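The structure appears below as structure tokens.
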Amino acid sequence: MTANVCLDESVRPRLLDDFIGQDELRANMRVYLDAARERGQAMDHVLFYGNPGLGKTTLAQIMAGELGVNLVSTSGPVLERSGDLAAILTNLGRHDLLFVDEIHRMPIAVEEVLYPAMEDFKLDLVIGQGPGARTVKIDVEPFTLVGATTRIGLLSSPLRDRFGIISRLEYYTPADLARIVARTARIIGANLTEEGAIEIGRRARGTPRIANRLLRRVRDFATVHAGGVISADLASEALGRMEVDESGLDQMDRKLLEVLIEHYGGGPVGIKTLAVACAEEVRTIEDIYEPYLIQCGFLKRTPRGRVATAKAYRHLNLLG
């Protein structure tokens, strides 16, 4: 396990009350958790969706902790065969949580095993082959499936409709991100001023994972150049040297906009063409870069392709 992974785990909140941001989702989740505990039943199946780094995995861990049950984690691409999932389901304890990250990448054959398990807590297994094959129903303990996806549109309707709770995670406000990095700084022993937290928070692309990563790198600059103190000026200088601008755009964000404007007149241009021009994968652009650029008003997605906005021209000091 790497040092960064250990650090990430150490700063994850363990309780729902310690989770910062996503106020409406958090308030609703408190009701769902308390109701499940009160009734002594497995919580209804939950689907979290939203961009990477917003806290889907953390929320699954919090749910298990709050309910006092085990959390079994896997991911869609790992579940290659229906038997893989069946083995996991039959080993779950009563009311345990099964967390499936990237659930949209689960094969259809595996997905179909989930249907009776989610609805009736039963597995339909085929024993044998050919004319002698027969279907056997096996009971599994009542459990809660927690799915996480960055691309809810790729989930099949039958699977999506079996989730009783579907919650979207939004980008975080700069104020919430400042609180998150301040909390992380206390845990890891970083000397972060209130102004330094605000500076990091407003450049973190609305994403806690990025905010904590920037804090670690800014702390390096503070250790070498500022006696360990992370002030607003130090944070601004460090982030500038890392090519993270005041809007949170990094080198790749700006390259994407510059290619769109300078090579294609601001668009519209197809995503595949744009990906080739930027030497980047289509999925990476769609999942990592586009959502934030659209959220900030630098990019528009149209039926004819991607278009740079007037705000993008102004941000890059280019004439539109």
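Just so it is clear, glycine is given a Cβ too, placed from its N, Cα and C backbone atoms.
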Problem - Among Tyr32, Tyr172 - the residue Swiss-Prot places in the same ATP site as Arg12, Gly53, Lys56, Thr57, Thr58, Glu119, Asp120, Phe121, Arg162, Arg209 - result: Tyr172
Completion exercise
the region 'Small ATPAse domain (RuvB-S)' (173-243) resolves under DSSP into 52 helix, 4 strand, 15 coil
Fill in the blank from the handout: Residues near Arg306 (DNA binding site) by Cβ (under 8 Å) yet at least 6 apart in sequence within the same chain, in sequence order, are Leu260, Gly267, Pro268, Val269, Gly270, Ile271, Leu274, Glu290, Leu299, Lys300
Exercise for the section: To the nearest whole angstrom, state the Cα distance for the pair Thr58 (ATP binding site) and Arg301 (DNA binding site). Expected result: 30
Handout entry: Distance, Thr57 (Mg(2+) binding site) to Arg162 (ATP binding site) (CA atoms, angstrom)
Key = 20
Exercise for the section: Between Lys56 (ATP binding site) and Arg301 (DNA binding site), find the distance joining the two CA atoms and give it rounded to the nearest Å. Expected result: 26
Fill in the blank from the handout: Counting across all protein chains, other CB atoms within 10 angstroms of the CB of Arg162 (ATP binding site) number 17
